[in-house]
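What follows is one structure encoded as structure tokens, with my remarks underneath.
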Amino acid sequence: MTVSNGNRGLLPMMEAVPSIKAQVPVWAYIVNWMFFSNVTIIFNKWLLDTAGFKYPILLTCWHLIYATIATQILARTTTLLDSRRTIPVNGRLYLRTILPIGLLYSGSLICSNVVYLYLSVSFIQMLKAASPVAVLFASWAWGVAEPNLSKFINVLVIVLGVAISSFGEIQFSWIGFFFQIGGTCFEAVRVVMIQVMLSGEGLNMDPLVSLYYYAPVCAVMNFFIALVSELPRFKWDDAVNAGFGMLFLNASIAFILNVASVCLIGKTSGLVMTLTGIFKSILLVVASVLIWSTQITFLQTVGYIIALAGLTYYSLGYDQLASLGAATLAWMNEFLSVNGGNGAMRSKRVVVVGLSSLVAVMVVLELTMSERGRRMLASSWHDRHGRHGHE
């Protein structure tokens, strides 16, 4: 640690203390981002559906008002938004770039929240697998990317998987389906516009700086939409029943997700982020099934696997997948080797076996000790013995 001493430079005060930020492992940033991303989605679904606060546009507006206030405070008290100083924002740039992108962002947020009233979280995640398809078509329409036959075939595989998942959905809603498609299209055009209007001019914004500029625009737009669509039927009792503390916590978690995204930028490769995003989506599907007892059919599972396979190939390509497969096989050979590999590998083996055993024990405890688990076992036992009795 050093302090300034006028013109004589810096005087040493004590031995330098290692930065806490430098000691944080990359996996911690990834887990942090995955956690807040999935919790935000689950929390939104719970508020809008389970808790009875059926005002998705007002909820989105509240998130944006919170984000506007929070980013203004952070801009004045921290260095998290200092990169905004490198962006020469003037009236022309604001009206021609930030405003239209902000309006598209608002449309994406509204559709993404309204859809929770009509579709399950698991089915929404399956539909989101088609997002790269919309981005690709928007890129072709704007002339950002050249049409390519191999990519077109690849996205057809993704569309096929999503279509199969849709046919297998038990509680299908056309209204929810079109809202999700609308949100996907808004987001795809927004991504391409950012690439054309901002990145094309050498202006790059991280998620937090983007929120700093877009949140006020989106909040105003959402307010006027809510003024004619939700405020006339709004009841304070719904907000009271949901809990003002819960609404504040919900907006806080949604904002923390943006901070987590900023912290993750540049910490890992695109390959890791792609695989992490797919894994996060699968975890969210599993979590939603456990929380809301959502029924997933075999046809949906097959469709989702096809869509994820197509998405993985589209995002990574053959070369990266081949390298990843070779690295995985080499790791498995060492992991399963008779001599146990080196010390680090033996430690990893102990961790994997230990975690697997812990999960198995937790499943057994859940099935034998919890009320829900005992009901499941009893139902299974009666079904089995009932069939034997009839035989």
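Placement of Cβ uses the backbone N, Cα and C atoms for every residue, glycine included.
Note: TrEMBL annotation is automatic and uncurated.
Residues or ranges marked as transmembrane segment in TrEMBL: 26-43 (among others). Within its own chain, the transmembrane segment (26-43) is flanked in space by residues 121, 249-250, 253-254, 256-257, 260-261, 263-264, 267-268, 272, 276, 279-280, 283-284, 287-288, 291, which lie at least six positions past its ends and keep a Cβ under 8 Å from the stretch.
The annotation domain 'Sugar phosphate transporter' is assigned in TrEMBL to 28-315.
Look at TrEMBL and you will find 55-74 (among others) tagged as transmembrane segment.
Beyond its flanks by at least six residues, the transmembrane segment (94-119) meets 44-45, 48-49, 54, 56-57, 59-60, 63-64, 127, 171, 173, 175-177, 179-180, 182-183, 186-187, 189-190, 193-194, 197-198, 213-214, 217-218, 221-222, 225 of its own chain at Cβ-Cβ distances under 8 Å. Under the heading transmembrane segment, TrEMBL lists 94-119 (among others).
The feature transmembrane segment is assigned by TrEMBL to 126-145 (among others). Counting same-chain residues at least six beyond the ends of the transmembrane segment (126-145), those with a Cβ under 8 angstroms from any Cβ of the stretch are 119, 151, 155, 158-159, 161-162, 165-166, 177, 180-181, 184-185, 187-189, 191-193, 195-196, 281, 285, 300, 303-304, 307-308, 311, 314-315.
Summarising the annotation, TrEMBL assigns transmembrane segment to 151-170 (among others).
Annotation source TrEMBL lists transmembrane segment at 210-228 (among others).
Within its own chain, the transmembrane segment (240-265) is flanked in space by residues 29-30, 32-33, 36-37, 39-40, 43-44, 47, 51-53, 59, 62-63, 66-67, 70, 80, 206-208, 211, 273, which lie at least six positions past its ends and keep a Cβ under 8 Å from the stretch. The annotation transmembrane segment is assigned in TrEMBL to 240-265 (among others).
Residues or ranges marked as transmembrane segment by TrEMBL: 271-292 (among others).
Counting same-chain residues at least six beyond the ends of the transmembrane segment (304-330), those with a Cβ under 8 angstroms from any Cβ of the stretch are 126, 129-130, 132, 151, 154-155, 157-158, 160-162, 164-165, 271, 274-275, 278, 281-282, 285. Taken from TrEMBL, the feature transmembrane segment applies to 304-330 (among others).
What TrEMBL records for 350-369 (among others) is transmembrane segment.
Nonlocal intrachain contacts for the transmembrane segment (210-228), taken as residues 6+ away from its ends with a CB within less than 8 angstroms of a stretch CB, comprise 55, 57-58, 60-61, 64-65, 67-68, 71-72, 75, 81, 84, 89, 98-99, 101-103, 105-106, 109-110, 258.
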